[in-house]
Amino acid sequence: MITCSAPAKVYLFGEHAVVYNESAICCAVNIRTRVNIEYSENIVINSSLGTTGIDYEIHPYVSAVVDKIRKKSPYRGVSISIESDIPVGSGLGSSAAVVVATICAFNNLLKLGMDKESIASFGHSIEKEIQGAASATDTYVSTMGGTVAIPARRHLKNPLCNLVIGNTNVFSSTGQLVAKVASLKNIYPEVITPILSTIGKASLRGESLLENEDYRALGELMNVNQGLLEAIGVGCDELSRLIHSSRTAGALGAKITGAGGGGCMVALAENENIDAISREIKNAGGIPIVTGVTDSGVRVDFDNE
Ligand SMILES: Nc1ncnc2c1ncn2[C@@H]1O[C@H](COP(=O)(O)OP(=O)(O)OP(=O)(O)O)[C@@H](O)[C@H]1O
Ligand SMILES: C[C@@](O)(CCO)CC(=O)[O-]
Ligand SMILES: [Mg+2]
């Protein structure tokens, strides 16, 4: 049996804009998905979503990995079992983490010799296939870990502040929200394109603020980014409640992370405010998760094959 794991991610800046090649800053965070794999008579995929064979309804991302690998390097069967601490469909990159951890597991089981760059780009091809439009960011950051400036893929200083995530527990589909922004951009290109480009500019400014450890200004610009995400229609009442409660409780900045429409927000927080922010997120109906950036991307946790 082989176990591989990969981390979740949050965007400090730039979700959605990144789909249109604008700049973004994305961090791998210390919440992981673990994928166990072993040879078996046929194909079994087991997760909190159910137990299936290849099944594009229940396990689209994992099924796509299984199919693509089988075409490249045929094998008889495998049993894949997924355990995850990342809430599913909530903006924390659960799809990217399950994809890169599954690819890493196959890489070790079948001795495919893929390096991390190949795992990340294979992962991106799977996200594109299932999601429609997808940037390479989620799969890249989940593979490599750390704080990454996109599109340059430059590793930045990790923020020394804490990240408090608030999960609305409202399921959202990244594919649908990406399509919603695309449609808005199609109808009002002269309005929406500059908004996306302004998000990119906030992100570029964020790079130097991170390097200078100016977290007050970083938080302020995260709040600006949130306003722009609202403008492109990916906010919702539940997210707004958590974001505003965190700010009231002392967050330096708070915004949606990931696709929006539900899912999670992230607040940048100094040590002394973590408890108050977590409490206010709870009072506002959310589930708080206090976390930080991890440099550990996808990795092999166990291998006795
Ligand atoms: N632990 C898991 N086991 C099996 N499939 C999973 C798991 N986690 C995620 N998935 C797959 O990923 C899908 C959710 O992906 P989606 O891109 O919509 O959300 P996300 O990745 O959590 O958020 P975002 O892309 O906005 O960061 C699920 O519907 C499921 O198909
Ligand atoms: C909304 C989006 O920008 C981030 C999802 O985590 C989509 C993508 O980059 O593929
Ligand atoms: Mg996803």
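Backbone N, Cα and C define each Cβ position, glycine as well.
TrEMBL annotations:
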type	residues	note
DOMAIN	61-146	domain 'GHMP kinase N-terminal'
BINDING	PRO87, VAL88, GLY89, SER90, GLY91, LEU92, GLY93, SER94, SER95, ALA96, ALA97	ATP binding site
ACT_SITE	ASP138	active site, proton acceptor
DOMAIN	209-284	domain 'GHMP kinase C-terminal'
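Taking the Cα atom of each, GLY91 (ATP binding site) and the residue listed as 'active site, proton acceptor' are about 10 angstrom apart. On the 0 to 100 pLDDT scale, the model's mean across the domain 'GHMP kinase N-terminal' (61-146) is 94. Checking the binding-site residues PRO87, GLY89, GLY91, SER95, ALA97 against ligand 3 with a 6 Å cutoff on the Cβ atom leaves SER95, in sequence order. Helix first, then strand, then coil: DSSP counts for the domain 'GHMP kinase C-terminal' (209-284) stand at 45 helix, 11 strand, 20 coil. For the pair ALA97 (ATP binding site) and ASP138 (active site, proton acceptor), the C-alpha distance works out to 8 angstrom. What surrounds the ATP site, by Cβ distance within 8 Å of the Cβ centroid and not counting PRO87, VAL88, GLY89, SER90, GLY91, LEU92, GLY93, SER94, SER95, ALA96, ALA97, is the set ALA8, ILE86, GLY258, GLY263 from the same chain. According to DSSP, ALA97 (ATP binding site) is assigned to a helical segment. Rounded to the nearest whole angstrom, the C-alpha distance between ASP138 (active site, proton acceptor) and SER95 (ATP binding site) is 9. Of all the binding-site residues given, namely PRO87, GLY91, GLY93, the one with the smallest number of surrounding CB atoms inside 10 A is PRO87. Taking a Cβ distance under 6 Å to any atom of ligand 2 as the criterion, the recorded positions PRO87, GLY89, SER95, ALA97, ASP138 reduce to ASP138. Taking PRO87, GLY89, SER95, ALA97 as the candidate binding-site residues, the subset whose CB lies under 6 angstroms from any atom of ligand 1 consists of GLY89, SER95.
Long-range Cβ neighbours of GLY89 (ATP binding site) (same chain, at least 6 residues apart, Cβ-Cβ under 8 Å): PHE171, SER172, SER173, THR174, GLY263.
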